[in-house]
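What TrEMBL records for this protein:
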COMPBIAS  1-16  compositional bias 'Basic and acidic residues'
REGION    1-40  region 'Disordered'
COMPBIAS  19-38  compositional bias 'Polar residues'
TRANSMEM  90-111  transmembrane segment
TRANSMEM  173-191  transmembrane segment
TRANSMEM  203-220  transmembrane segment
TRANSMEM  249-268  transmembrane segment
TRANSMEM  289-312  transmembrane segment
TRANSMEM  354-375  transmembrane segment
TRANSMEM  402-422  transmembrane segment
TRANSMEM  434-456  transmembrane segment
TRANSMEM  468-492  transmembrane segment
TRANSMEM  498-531  transmembrane segment
Amino acid sequence: MPRRESKKDASGEHGEVVSTISSSRNPLQPPDTSSEEPFTTYFDNKIPIPEDETHSCFSFRKLWAFTGPGFLMSIAYLDPGNIESDLQSGAVAGFKLLWVLMLATIIGLLLQRLAARLGVVTGLHLAEVCNRQYQKVPRIILWLMVELAIIGSDMQEVIGSAIAINLLSVGKIPLWGGVLITIADTFVFLFLDKYGLRKLEAFFGFLITIMALTFGYEYITVKPSQEKLLKGLFIPYCQNCGTTQLEQAVGIVGAVIMPHNMYLHSALVKSRQVNRANKREVREANKYFFIESCIALFVSFIINIFVVTVFAEAFFEKTNADVNGVCMNASSPHSSLFPNNNETLEVDIYKGGVVLGCYFGPAALYIWAIGILAAGQSSTMTGTYSGQFVMEGFLNLRWSRFARVLLTRSIAITPTLFVAIFQDVEHLTGMNDFLNVLMSLQLPFALIPILTFTSLPSVMNDFANGLFWKIAGGILILLICSINMYFVVAYVMSLNHVALYIGAAILSVIYLSFVVYLGWLCLIALGVSFLACGKTRHLGFAARPELFLLNNVDADTLVTR
């Protein structure tokens, strides 16, 4: 029998989370929202979880009931930005960086675990928790930073779809036309959940299957060396690698770990009926969501391997002259993309399809384009959901569903449309370098809050991070942010203009100041109580550092002890 959903559970469980008590002296004073009715983005109906009468430690029926959010989350690991990073990795370094891809995916899984646990335990997603716990100014800055990340990701995804449509139409549909088509069908697909969450999740599963089949076809056609594949995966070494390969390794990490995905995953897990007053059910939900995430990210990892190894086998150390000659012999209309010189081949998702067509026939090009279209369309849809969750959570929007979708889509799509109108397809994918830098800069604004709040007993109760996860999470976040800052600095140095250096320096000071502020609060949440100094000491924050971040909670805890 499925669990019976109570009125309280169906409403979003806000009443079970945190009771806000105003305090004018609290530097992170959240708004009083206890009297507000909770709103939903697409959680009008929740999926019931079947009871297990045998009380076994594992049930496939329960795993199936929890399956869905993890696969939607995994779309961010398969977006056009990731696919482009994959093919560039193969073309630049061959099989040598596969271990970096595997390591980045594992790190991503551990961080997604924190995001899912926050949503399961509290019944609030990350944007809602940030809205309740941070002061007004930091909250607004944080929202703007996350919106920038979503806009950058959306631009990559929509551009990827537009390029795929351009390839499939043999250039007859221009980029701006592809952008408009993507906008239109995104609006249509987003309303699939009105027919049930399971149908929406099945549609995403269908798009992932298309990617697996299309990129798997390229893998079978090219037949990469299995020996080189295994060596690349399990030998963490890059022989004869230089700056280009190092920057590509950094780019892989930046492409895989997406800031908006933490906000998305923490919200998606709210779609299952979980009695948050029952400690056993919460623990069970955490377990099954983690298993599902492992499966989903394993599937995404295999698809990414398909792309890397195809380009590693066929195009590693190829020159423009090599490709130009093959394309000329194949009578390809795109041979002019590759100048007849001995420079190393540089590829993107557009040129990648072209070279596959030159070497392996038109079928390889069109199947590649179908895979890119599935990647772009699915990630555009999940990006839209991320935008809705973030805007609703940070701003408490109470608009109609259509108005919310229209606003969030317009913010992200408008710059993409302008770029598509004024750039041709050969140069447009060059924007990915800038967009990757933009998203790398936003990573701390997802990773630091997720570690902060999952480490607070006043938020997570018995499910707060233990010492191991606090240390491991802190090290991982510090490592990821350092890697991405290296990527950003390398990009800025390549601009080679004094005015740009000065502008970057000014923005860097502002940016780092805010990151340090969030990091300071995170360290207090992790238990470094001596940092809660000055005004906070006489308020008792040094004794209970979590109170520096949060107001007191109700006597009724989130989860029964």
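Glycine is treated like the rest: Cβ placed from N, Cα and C.
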Whether the transmembrane segment (249-268) meets the transmembrane segment (468-492): three or more C-beta pairs under 8 angstroms: yes
For the transmembrane segment (289-312) and the transmembrane segment (90-111), check the count of CB pairs under 8 Å (sequence separation 6 or more) and say whether it reaches 3 or more. yes
By Cβ distance under 8 Å, which residues at least 6 away from the ends of the transmembrane segment (90-111) in the same chain are close to it? 77, 224-225, 228-229, 231-239, 241, 244-245, 248-249, 252-253, 256-257, 262, 293-294, 297, 300-301, 304-305, 307-313, 315-318, 344-347, 447, 450, 472-473, 476, 480
